[in-house]
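Written below as structure tokens is the structure these notes are about.
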Amino acid sequence: MAAKVARLAAAASSLPFVCAVYAEEKESKSQLVKPKQLPIYCLPPLKSKYIEEQPGRLQKQFSSIRQTTGRYIGWCKDAFFFAKNGIVDSIQFGKDAYVYLKNPPPDFLPRVGIITISGLAGVVLARKDSRFKKIAYPLGLTTLGISVCYPAQAVVIAKITGKKVISASHQTYEAVRSLWTKKEDASKLQQESKSVTQENKKNREISNVQFESAIESRSSNRTESSPIESWSTKDPLPSSGTVKTTKFKPDPKLMDHGQSSPEDVDMYSTRS
């Protein structure tokens, strides 16, 4: 019985030591964890580079199909709108012509008759001539008949066509003139460049000749005259007998007379 009590007392007394050792082991194990192992504190790579995602084969095929089909779809849209507008305009023109012909003015039929007769006359006149005359005679006579039947409209159309022809001729003239002036300017520039190069060569030759002549003249002058003779002739030394000493005389205006005046020199002493 006593042995059991002793064992229990020993076990109870050893419990704090066991807990302390277990806690120390846990602390030591927790300290061994590195920051890189934690998911929150992962360090970014030192050298980072942005790499664009390259498209795959399927994406490339879809993009090529889209580009090719887009061009054809655009052309089809343009053709569809052009045909649609033409059909709408032709339908509207037919409606207007039907309304106009349903109730025509009294002078319409005679005018149409004159125009048709003039066109047929042109065809008859040019039936045995060349192809150009077969086309020109009917067109000319029909335009003449239209201008006779509708003079006001003919004048307006003639003015508009004349302005267009004048503008076109002016543009062609300016284009030809610009080309001609460009050629002339190029030839002038070539001639000027040639003349400038020739003048530069002449100036260089003249300057070289002058420089050589100047060097020769300087060398000849140095050999002819010595420095001692030139110094003796230009700057002669004064002789000892002719030297004279002059006394210093101060200016009375610059002297300090104090409270006296220059007239009372005999009465007051002056400071120089």
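Note: Cβ is positioned from N, Cα and C throughout, glycine not excepted.
As given in Swiss-Prot:
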| type | residues | note |
| --- | --- | --- |
| TRANSIT | 1-24 | transit peptide |
| TOPO_DOM | 28-107 | topological domain 'Mitochondrial intermembrane' |
| TOPO_DOM | 127-134 | topological domain 'Mitochondrial matrix' |
| TOPO_DOM | 153-272 | topological domain 'Mitochondrial intermembrane' |
| COMPBIAS | 188-198 | compositional bias 'Polar residues' |
| COMPBIAS | 206-245 | compositional bias 'Polar residues' |
For the compositional bias 'Polar residues' (188-198), the number of residues DSSP places in helix, strand and coil: 11 helix, 0 strand, 0 coil
DSSP helix/strand/coil residue counts for the topological domain 'Mitochondrial matrix' (127-134): 4 helix, 0 strand, 4 coil
